[in-house]
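The block underneath contains the structure these notes are about, expressed in structure tokens.
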Amino acid sequence: FAFPRVIGSFVAADYAVFALMLLVSAAIGVYYAIVGRGQSSSREFLMGGQSMTAVPVALSLTASFMSAITVLATPAEVYRYGASYGLFSLSYVLVVVVSSEVFLPVFYRLGITSTYEYLEIRFNRATRLLGTVMFIVQTMLYTGIVIYAPALALNQVTGMDLWGAVISTGVVCTFYCAMGGLKAVVWTDVFQVGIMVAGFLSVIIRAVVLQGGVSNILNHAELGGRLNFWDFDASPLRRYTFWTITFGGTFVWTSIYGINQAQVQRYISCKSMTHVFSLYINLLGLWIIMLCSVFAGLCLYSVYKHCDPWTAGMVSAPDQLMPYMVMDILRDYPGLPGLFVAAAYSGTLSTVSSSVNALAAVTIEDLIKPYTHMTEKHLSWTSKGLSFLYGALCIGMAGIASLMGSLLQAAINIFGIIGGPLLGLFSLGILCPYANATGGLAGLLSGLVMSLWVGIGAQFYPPLPEQSRPLGLTTHGCNFTTAADAFNWTTSPTEPSLYTTVLQQNTAERPFLADNWYSLSYLYFSPIGTLTTLAVGLVVSLLSGTLPQMVALLHTILHVVSN
């Protein structure tokens with residue numbers, strides 16, 4: 001397998017396809033800015049006038065958190081850890097059922113714009129403010145990763161200018177979000193889901209042709225230990241097993257689909273509760289994207305099973321493997337590398353626009369409206385101004401993303417560390433009739449402390465390879481193009497060499513907690529925060545006395561039982 005140092009570069013057709021995707025996205029924003037000139041209230045701008053229907057909302061839900069991290073990082077995780085990652089498809093079923101049957105009926109019945117309004121009605125204003133601040137921090141950190149991820153990967157592999165890509169991405173999605181509001185965001189998401197699937201298919205079809213068919217790719221994956229779906233190892237230190245994904249993954253994604261403002265805002269924008277159940281239609285979209293990303297990871301392994309570009313130093317991080325393969329196998333097909341790049345950036349645009357719209361919504365509803373007496377017209381203009389402001393801030397946050405390591409893990413860490421305690425707080429309010437404000441605030445703070453403890457500890461003391469157990473990779477089939485390359489890799493390094501810096505640490509310097517508590521699978525950070533919040537919140541509520549709650553604030557079945 002010949003391994004050139006420079007695999008390829010963009011040609012005019014690639015730039016044209018990429019630019020076309022940006023132009024169509026911006027055009028949708030302009031269209032809704034023109035037809036929506038009557039959006040005179042902040043609620044119309046932020047909630048689409050509650051006129052959305054199920055199918056576009058379902059596709060928008062799929063796009064919102066299927067970002068460039070899904071397009072670039074998920075195949076790399078499958079390449080390194082196997083197809084067990086696909087078990088998230090089971091988690092999605094549990095997430096959709098819990099979100100649509102437990103959380104959404106309460107939010108829709110209340111008719112709120114910000115999910116954090118619920119916290120003040122159910123608990124008190126201090127709890128609402130803390131929840132709002134946590135959401136803003138979480139969303140800005142995540143959005144920074146989403147903007148930076150594709151720009152870095154594509155810059156190092158294709159030569160696309162790093163900050164040019166970052167700024168153009170941020171400017172375009174901020175523009176159509178600020179101009180057209182939620183309707184523009186939803187319909188742009190619909191367009192971008194199609195681009196994401198098309199980008200995946202272009203790579204998968206070419207890889208299948210090169211490798212001689214789907215059966216060969218699956219055979220290579222089986223021989224390489226990548227078809228490891230049913231790993232029932234109960235060790236919480238393993239990165240991916242059946243239990244870490246189905247249990248931990250369910251908590252992570254419920255915090256996204258059940259209570260996250262960016263998603264709940266779409267449910268509430270629907271014209272009726274029947275359309276709110278678009279979440280079930282969204283399940284099909286999630287499965288399609290997951291199937292594409294997992295199979296793309298298996299294609300990646302099939303192509304490079306004897307010559308790993310990461311081990312060989314052709315890419316500096318696993319997140320660059322997919323762009324590397326695209327430029328390798330599609331370089332003779334002008335326009336197709338551009339289509340894949342458009343797919344990665346479509347994921348970024350959909351996520352960033354959703355985040356910007358949600359940030360504007362919670363700022364208006366939780367930090368401005370309660371303390372001012374602005375007219376609806378002024379609030380509408382303020383919403384648009386906030387969209388521009390948050391867009392600029394999220395572009396700035398992209399610089400911090402370079403310090404966070406693995407993109408996929410960093411993204412899920414953020415949702416686990418902050419989203420986990422928030423999920424616990426909402427669950428406490430909706431599912432526990434006797435929880436009170438004291439218990440809610442104490443539970444939230446306790447859950448946040450616990451999840452920060454394990455999350456920050458894991459950042460300083462990452463788990464050793466023998467705990468997370470990545471699968472083997474090799475370079476013994478490489479045909480390096482320079483004598484220096486051949487000399488450097490005559491030993492044909494295997495998997496341990498990928499973690500030399502970690503293994504060279506003096507393990508005696510690692511504290512006791514480093515090899516157990518800090519080495520937990522990152523998917524367990526969310527359950528830790530959620531369950532701690534629930535446990536502490538219930539105990540404190542029982543000790544401090546309870547108050548009867550409005551039935552609208554509880555799940556329908558529970559307020560009947562409590563009565």
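Heads up, the Cβ atoms here are built off N, Cα and C, so glycines get one too.
Quick look at what TrEMBL annotates:
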TRANSMEM  15-34  transmembrane segment
TRANSMEM  54-73  transmembrane segment
TRANSMEM  85-108  transmembrane segment
TRANSMEM  129-150  transmembrane segment
TRANSMEM  162-178  transmembrane segment
TRANSMEM  190-209  transmembrane segment
TRANSMEM  240-259  transmembrane segment
TRANSMEM  279-304  transmembrane segment
TRANSMEM  339-364  transmembrane segment
TRANSMEM  385-404  transmembrane segment
TRANSMEM  410-434  transmembrane segment
TRANSMEM  522-543  transmembrane segment
Beyond the flanks of the transmembrane segment (162-178) by at least 6 residues, Cβ under 8 Å: 22, 25-26, 28-30, 32, 147-148, 150-152, 154-155, 184-185, 188, 345, 348-349, 352-353, 356-357, 384-385, 387-388, 390-392, 394-395, 398
Candidates 85-108, 129-150, 240-259; stretch with most C-beta pairs under 8 Å toward the transmembrane segment (522-543): 240-259
Ranked first among 129-150, 240-259, 279-304, 339-364 for CB pairs under 8 angstroms with the transmembrane segment (190-209): 339-364
Range from 85-108, 129-150, 240-259, 279-304 with most C-beta pairs under 8 A to the transmembrane segment (339-364): 129-150
Intrachain residues whose Cβ lies under 8 Å of the transmembrane segment (279-304), provided they are six or more past its termini: 1, 54-55, 57-59, 61-62, 66, 70-71, 74-79, 83, 85-86, 88-89, 92-93, 96, 99-100, 104, 193, 196-197, 200-201, 203-204, 207-208, 210-211, 216-218, 220-221, 224, 226, 257, 267, 321-322, 325, 328-329
